[in-house]
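Asker: Let me give you the structure first, and then I'll get to my questions.
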Amino acid sequence: MRRGRFAPTPSGRLHIGNARTALLAWLQMRAAGGEFVLRLEDIDKPRCRPAFAELMIRDLRWLGLDWDEGPDIGGPYAPYVQSEREEEYDRLFGRLERDGLLYACTCSRAELAAIASAPHGLASEGPAYPGTCRHRTPEEQAARAAVKTPSYRFALPDRPVFFRDAVAGEQHFPAGSGGDFVVKRADGVYAYQLAVVADDAAMRITDVLRGSDLLDSTPRQLLLYEALGLAAPAFAHIPLLYGPDGRRLAKRDDAVMLVSLRENGVPPERVVGWLAYWSGLIERPEPVRPAELVAGFSPDRIPKEPIVVSEEALRHLTSR
Ligand code: GLU
């Protein structure tokens with residue numbers, strides 16, 4: 001049985017770019033006769049709000065999506081909320097530690113903040129961590145750890161990572177790409193990279209379809225699957241939507257929020273029509289329901305280039 005998921009972080013409202021990811025992940029499973037899971041990735045709790053989680057569920061249902069398992073309906077792999085799954089992260093962390101695959105890092109906080117809290121891949125993290133603490137002597141490390149609580153990093157093996165992405169094609173990441181990454185922050189919070197692998201494995205996810213901002217997180221996740229002896233899912237990374245100004249859609253762009261569209265009386269079929277059009281699934285941006293797209297879905301139809309949402313499209317999309 002194929003199993004897919006949509007795994008938003010409830011730190012803001014969903015915009016049409018997020019909705020497109022959800023729609024395509026849903027279609028991929030519905031077209032394959034598989035199961036679809038909704039999971040809330042609120043591991044970095046201070047950034048998240050229960051109100052955003054509730055809103056996300058309402059927005060997704062308004063669009064016409066459904067799920068077989070999720071925080072609101074439960075399921076065999078519950079809970080579907082990361083902040084309630086810490087025991088599982090503890091367990092996998094313990095295994096990595098026992099196998100000698102982690103090391104304590106006492107580098108400065110500013111340096112860590114950029115790396116640990118960004119769920120958005122290497123590109124947004126700045127320079128790769130150079131492995132400073134990996135090369136300290138045990139005595140030096142013990143002395144430093146006595147004055148500063150360490151974070152824990154996964155020591156990258158010295159070999160490249162290859163994989164085939166169902167949308168982005170063949171991928172090759174040279175050995176050491178991005179540097180040794182944090183799996184547990186100094187404040188005790190597990191990093192996205194570990195939590196997402198733990199959850200996708202525990203929930204028996206076979207297919208991950210998500211935004212291409214996470215493409216370069218994938219080699220890290222594949223190394224964790226391998227280190228933990230877990231089966232990795234197949235990946236499909238879809239190009240992002242950009243606004244008329246050429247910038248990535250963001251949680252602060254009001255007009256493109258699902259909640260704004262919903263509250264302004266825009267029919268959900270119109271939104272889905274545009275999302276399907278931007279995904280190469282229909283010829284014209286005409287109103288359509290998600291269920292009507294199932295038969296014609298194929299990841300091969302999804303364009304490989306980023307999509308720019310024109311002023312005209314935005315005007316039509318948001319008009320009453
Ligand atoms: N929670 C992540 C986000 O909101 C997505 C994680 C994933 O799909 O792997 O960007």
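Even glycines carry a Cβ here, placed using N, Cα and C.
Heads up, here are the entries from TrEMBL:
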type: BINDING; residues: ARG5, PHE6, ALA7, PRO8, THR9, GLU41, TYR192, ARG210; note: L-glutamate binding site
type: BINDING; residues: CYS105, CYS107, TYR129, CYS133; note: Zn(2+) binding site
type: BINDING; residues: LYS251; note: ATP binding site
type: DOMAIN; residues: 4-275; note: domain 'Glutamyl/glutaminyl-tRNA synthetase class Ib catalytic'
type: MOTIF; residues: 8-18; note: motif ''HIGH' region'
type: MOTIF; residues: 248-252; note: motif ''KMSKS' region'
Asker: With the Cβ atom as the reference point and anything under 6 Å counting, tell me which of the binding-site residues (ALA7, PRO8, CYS107, ARG210) are near ligand 1.
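Answerer: By the Cβ criterion, which requires under 6 Å to ligand 1, the hits are ALA7, PRO8, ARG210.
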Asker: In whole Å, how far does the CA atom of ARG210 (L-glutamate binding site) lie from that of TYR129 (Zn(2+) binding site)?
Answerer: 25
Asker: Identify which of the binding-site residues ARG5, ARG210 has its Cβ surrounded by the largest number of other Cβ atoms within 10 Å, counting every protein chain shown.
Answerer: ARG5
Asker: So which binding-site residues out of ARG5, PRO8, GLU41, TYR192 end up within 10 angstroms of CYS107 (Zn(2+) binding site), measuring C-alpha to C-alpha?
Answerer: none
Asker: Express the predicted model's confidence over the motif ''HIGH' region' (8-18) as a mean pLDDT, rounded to an integer.
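Answerer: PLDDT averaged over the stretch: 96.
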Asker: Could you tell me how many residues in the motif ''HIGH' region' (8-18) are helical, how many are strand and how many are coil under DSSP?
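Answerer: Going by DSSP assignments, the motif ''HIGH' region' (8-18) contains 3 helix, 1 strand, 7 coil.
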Asker: In the same chain, outside ARG5, PHE6, ALA7, PRO8, THR9, GLU41, TYR192, ARG210, whose C-beta lies within 8 angstroms of the Cβ mean position for the L-glutamate site?
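Answerer: For the L-glutamate site the neighbour list reads ARG39, LEU40, VAL196.
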Asker: Can you tell which of PHE6, TYR129, TYR192 has the least company, meaning the fewest other C-beta atoms within 10 angstroms of its C-beta, among these binding-site residues?
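Answerer: Lowest Cβ count within 10 Å among the binding-site residues (PHE6, TYR129, TYR192) is TYR129.
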Asker: Which whole number of Å gives the largest C-alpha distance between any two of ARG5, PHE6, ALA7, PRO8, THR9, GLU41, TYR192, ARG210, the residues noted as binding L-glutamate?
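Answerer: Overall maximum Cα spacing for these binding residues reaches 16 Å.
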Asker: Could you tell me the C-alpha distance between TYR192 (L-glutamate binding site) and TYR129 (Zn(2+) binding site) in angstrom, no decimals?
Answerer: 17
Asker: Which secondary structure state does DSSP assign to ARG5 (L-glutamate binding site), in the simple three-class scheme?
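Answerer: In three-state terms, ARG5 (L-glutamate binding site) counts as strand.
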Asker: Can you give me the Cα-Cα distance between PHE6 (L-glutamate binding site) and CYS105 (Zn(2+) binding site) in Å, rounded to a whole number?
Answerer: 32
Asker: Quick one: Cα separation, TYR129 (Zn(2+) binding site) versus ARG5 (L-glutamate binding site), in Å?
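Answerer: That separation, Cα to Cα, works out to 30 Å.
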Asker: Using all protein chains shown, find which of the binding-site residues PRO8, GLU41 scores highest when you count other CB atoms within 10 A of its CB.
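Answerer: Neighbour-count leader: PRO8.
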